[in-house]
Protein chains: 2
Amino acid sequence: MTATIIDGKARAAALREDVAGEVATLKRDHDVTPGLAVVLVGEDPASKVYVANKAKQTVAAGMVSFEHKLTEETSEAALLELVAHLNADPDVDGILVQMPLPRHIDTDRVVEAIDPAKDVDGLHPMNAGKIVLGRPGLVPCTPRGCVILAKEAIGNLAGKHAVVVGRSILVGKPVSLLLQNENCTVSMAHSRTVDLPSLCRQADILVAAVGRQEMIRGDWVKPGACVIDVGINRIPAPEKGDGKTRLVGDVAFEEAVEVAGAITPVPGGVGPMTIACLLANTVTAARLRRGLPAVDL
Amino acid sequence: MTATIIDGKARAAALREDVAGEVATLKRDHDVTPGLAVVLVGEDPASKVYVANKAKQTVAAGMVSFEHKLTEETSEAALLELVAHLNADPDVDGILVQMPLPRHIDTDRVVEAIDPAKDVDGLHPMNAGKIVLGRPGLVPCTPRGCVILAKEAIGNLAGKHAVVVGRSILVGKPVSLLLQNENCTVSMAHSRTVDLPSLCRQADILVAAVGRQEMIRGDWVKPGACVIDVGINRIPAPEKGDGKTRLVGDVAFEEAVEVAGAITPVPGGVGPMTIACLLANTVTAARLRRGLPAVDL
């Protein structure tokens, strides 16, 4: 058996198109153009690429992109002042402060300073709490992408046993709560789990979010399961030439693809969903802030 | 095999004593007497008994109890005004609005109006979010009582497989997150779970919080497991006389006690822990509000 490959790139493109449609509706019916402000502190090369992509896709969806690039030496006070300014700016619907921040800045303090109604990364404790309480709020982007791809592959998730490996606050914990809100039975596993392989073998939906290359082997996968691989690990690829590298996930893809019913590739699986979900969150924030009901994106 | 009966009454009494000790320390070293304000709207007889118990135990621990009894007809606006007043009152460290509220009042709005730093019930989204993010905050009382009793029975919980049956926002969801923060592998089960008995049979720690009398049978329990029964169901007890009733849990106690390693009885298990944890939260709130480090209660 060979698994269906879940095409995250295509699903993300479809979501971005839906977002663009909603942006057009907001303009036409309410004279509103959603705006996303992205704040980058310092010169981290990966962050710079990521921020540039976000800005490009924001504009492509018909929204306004505000970019704030600050030097590595920016003080926490200056960053907090900028956040306060963006909180107060009526043209800004979403605020994203690119992580990681320089060490001299308290990340938690910055995140908590963002107006929860503009927290399109879904990292503010108010938004984390709303997931627990099952209330509408802004949901973290990568976890939401995982749920969308699982639905894409197997439809209704109710009653499925989901095993989430990894309990980071960015992915593992929120994805567990979102899957529970989809009426899955959810097991949350991690480095302290006893006999992880046999727990994984119970999973109808297996979410790997540990950040360890190819840790989850083919024989940990239940035949026919849906495998969502959140890992993005860069490893040497001498076969491509001297000093070359390639990306692999947290799942041993070549093994798992023979057992699973559906699986996300790396790259091209969960990765592309993150920015698409960020754009969707910006539309949601723009609507909720104006008292308009959220639309299902 | 007959299980050890976990004595929640004794554990709660010990916790209340620890709280009283911390209250004495706060008075002596900082001239602070923690204060707990309890707000009761309406005439629900069970709520009246519960509020009276809270007030009595608050005073017994050396703290100040403020009681606010409002009529059933109180408007939401008047209740919100009282909450704002209590938020601003420096003598009030903890605010508890007794649930359920009359139907004409929006419970979520009232809970969100409470200053999260005084939310000793741990119901505010900010506090729910802090559990997800693993940050210090005020933790809901009954879930915290469950974790304390599990530790009382089996010590360190790391690596244990906990199965939580029921996903209410008052008990099931927060206890899942607290057990995960104790390094348990946690499975969250509910009415949509397929083959619940066999999932339960994997549990080293089985938490029953469904509100259905004796739903969890003895043969759902793994031999030697720790069973925490949160259910409090009142059933007819004709054997005690005409019209008499008795309390039973969500677990079929007489069956489970023969299989489990340790089990909480109903009554006398989780129940007494709730108010004791409320008092502990009030001390924590009093300390954190003044910039003092939390003490381990």
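The backbone N, Cα and C atoms fix where each Cβ goes, and this holds for glycine too.
Copied from TrEMBL, the annotated features are:
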type: BINDING; residues: A:GLY166, A:ARG167, A:SER168, A:ILE232; note: NADP(+) binding site
type: DOMAIN; residues: A:6-121; note: domain 'Tetrahydrofolate dehydrogenase/cyclohydrolase catalytic'
type: DOMAIN; residues: A:140-288; note: domain 'Tetrahydrofolate dehydrogenase/cyclohydrolase NAD(P)-binding'
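Known features from TrEMBL, placed on the structure.
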residue  : record               : CB count, 10 Å
A:GLY166 : NADP(+) binding site : 24
A:ARG167 : NADP(+) binding site : 25
A:SER168 : NADP(+) binding site : 16
A:ILE232 : NADP(+) binding site : 16
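Each of the binding-site residues A:ARG167, A:SER168, A:ILE232 was checked for a CB under 8 angstroms from a CB of chain B; the ones meeting this are A:ARG167. Helix, strand and coil counts from DSSP across the domain 'Tetrahydrofolate dehydrogenase/cyclohydrolase catalytic' (A:6-121) read 62 helix, 18 strand, 36 coil.
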